[in-house]
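**Q** Shown below is the structure under consideration.
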Amino acid sequence: MEGNWFEGPPCSVRNCKSTWYFKNAGQTFCRRGHAQHGIEIAQDDEPGAGTFYQTRKRKVVRNHLDTGDEDEIVYGTAGRSLYLQAFQIILQLQCQALTTKLGFDQRIEGMIRDLWALYLSLSYESFTSSFLSLNQNSTQSESSDSDFDLIDPESQPGADPSSRKTKETSQSHSISYPRLLYSSAFIYVACLLLRLPLTIHKLEVLIRKNIIPYYRAYKQIPLKIFKRLQKNYVRMLIPFHYPTYQRIQSAVLTLVDVLVSKYELKVPPPNEPLILFELINSFFFPLEIFIPASRLLNLVHSQISLQGTSSDNYQSKIRSAQSIHEKLSDAEVMLLATILVAANVCYGFDDAQTRNSKYKDSMFTVKTNWNMWLSQVQKINEKEKDKFYEIDEQSILTLNNSEMDKYFQWYEKEFVEENNPNNIPEGILNVFPILSKDSHLQENQPTDILTDESVIAEDVKLEQVFKPVGIKESDKMDFSRRKDAYISMLPFSPNTENTAHRVTIMVAKLYNIKLDSLIAAIRYVESCLKTGIHNQD
C-alpha cells in the first residue's frame, strides 16, 4: 500500500458512501475496496492542507466481471423487467413439462405465450398510468418499490364498489406483479381456450407430484438474474407450500376477470363430457351412469339459461363477466354433484329406494354395496397419495423400513442438490445409505407399493360393489308398479350415518373441496331434476 489514507468525494459505486481512499500499485481504492475508474483522486503534497482536486483520465472500459455489477440489486423499472423475465423463465419450464412429460398439444405453448403477452401489455399500461398519476401529484412520494405494490389480488377481501374506486391505483399496481401461483392460472386458462380436459384438481395433483415445476422452479432461474432481484420479488417466486384447490381457483378467476374486462376475451366453459368421463373413472363408478349424468347436466344448464334470460341486462359486459365467473367457479363441483345425483337415480344410496329403472322388465336388479365402495376407494387413494409432504417428527416414527426408504428417496429427489453432493457428507452416506441393497432384508419387508396386480385386485373387488342379482317374480311385479319418485340424497338435517352423506364426505375429501359447496351443488341439481320432472308431468 502506497501512502496513507486520504479523504475525497463519495465513492462512485452505488450504495457505497465511503469518502476515504488509499492507493495500491497506482490504482485508487475506496475503504471498501472499490476501484475508482475514470477519476484520479490526488492528494496535495503539503501535509495537513486538506485540499484535493480531480483530474480526468482516459475513459477505461469497465470490467464486466466486477462482482459489484453482478451482485447489484436492481430497483425501479429495471427491477420489474427483471422479475417478469424470471417469471417468464418459469412459464417456459412449465410449458416444456406439459408437452414433453404429459404429451399435451404443442399449441398450448403458443397459447400460454399469447396470454402472457396480453398480461405484459396490461401490466405496462397500468404502470404507465400510475406513473403519470404520481407525476401529477408532486407532494406524493414515490413508492414503486414498497410492499404496497406487491399486494396479491387474491388476498384482498371483498370490498364495496365505492372502496374499489378509491383503490383503483393499488389494483392497477397489483396487476403488474404476478405471483408464482398465477403460472398455474395461465396453464388452466390456456387449456380452457384449447378445450383440453384439464381440471383444477388434476393441475393441483401434477404440481404436488412435481411433474409441473413449481416448488423448486426458482432454482432453474439463472443465478445472474436471481441474485439481482429485490427481496420482495424473491418472496413472490419462492412458495412456502403447495397450492390448494381454492387458491388455484382464485388465481384463475382473477386472471379471467382481468382478461375479460380489458380485452373482452371469450372464455369457453370446460370440456364437460371428457371431464365427466374422467371423473367417473377416477371414482370407480360404472360407466353406465355417463349418459344419465350427461342428460342431467344438460337439464341443469337449461335451468340456468332460463334463469339468466329473464334479466334485461343479461347481455351486458358485467353480466357476461359474472356468468363466466360462476361457470368456472362451480364447474367441477357441479360435475361431481351431477355424478352423485345420477348414481342416486340409477342405484340409490338407500335400500328402500328404487334401484335402477332399466331393470323393470328384467329378472335382475343391481345390489350396491356402498360400504365396500367407500373402503376400497379410500384404500386406493391412500396408496396413490404421497403422504410425505405433511410428515412430521411424530408420524415418521410409525414408518416401516420400505416406507422409510421411499421417504429418503423422496427427500433426495426434492431437497438434495444434484450439482452439490456435499449437502450430505460422504461418511454419513456410507453409514446410513439411502437405498438399501440388502436383499434378505427387503424380502422380509412388507410391500406397500401399489403395483398393477394390486390395482387389478382392487378393481375386481370394486366390480363386486355394483353386482346384478336375481329377484323373485312377486318382487318384480311390485317393483314395476312402484312410482318413479326421486328421493333426495341429503335432507336439510342430514344423518352422519347415512350412506349418501358418507359418500359425499368421501368425494369432497378426495377432491380437496369444501363439503358445504358440494352439498349445495347436490341440492341445486336435485331441485333442477324435480323441476324437470314436474314440467314433464
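Yeah, the Cβs are placed from backbone N, Cα and C, and that goes for glycine too.
Feature annotation from Swiss-Prot assigns Zn(2+) binding site to CYS11, CYS16, CYS30, HIS34; the stated evidence is similarity to another entry. Among the features that Swiss-Prot reports, region 'B-reader' is placed at 38-64. Under the heading region 'B-linker', Swiss-Prot lists 65-80, citing similarity to another entry as support. Among the features that Swiss-Prot reports, region 'N-terminal cyclin fold' is placed at 81-232, with the record citing similarity to another entry. If you look up Swiss-Prot, you'll see 142-171 marked as region 'Disordered'. Swiss-Prot lists 233-349 with the feature region 'C-terminal cyclin fold'. If you look up Swiss-Prot, you'll see 4-37 marked as zinc finger.
Help me understand the surroundings of these features in the structure.
**A** All protein chains considered, the CB of CYS30 (Zn(2+) binding site) has 21 other CB atoms within 10 Å.
Across the region 'B-reader' (38-64), mean pLDDT in this model comes to 50.
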**Q** Around the Zn(2+) site recorded as CYS11, CYS16, CYS30, HIS34, what other same-chain residues have a C-beta within 8 angstroms of the site's C-beta center?
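**A** Neighbours found: PRO10, SER12, VAL13, LYS17, SER18, PHE29, ARG31, ARG32, GLY33, GLN36.
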**Q** Please list, for the zinc finger (4-37), how many residues fall into helix, strand and coil according to DSSP.
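**A** Looking at the zinc finger (4-37) with DSSP, the answer is 0 helix, 14 strand, 20 coil.
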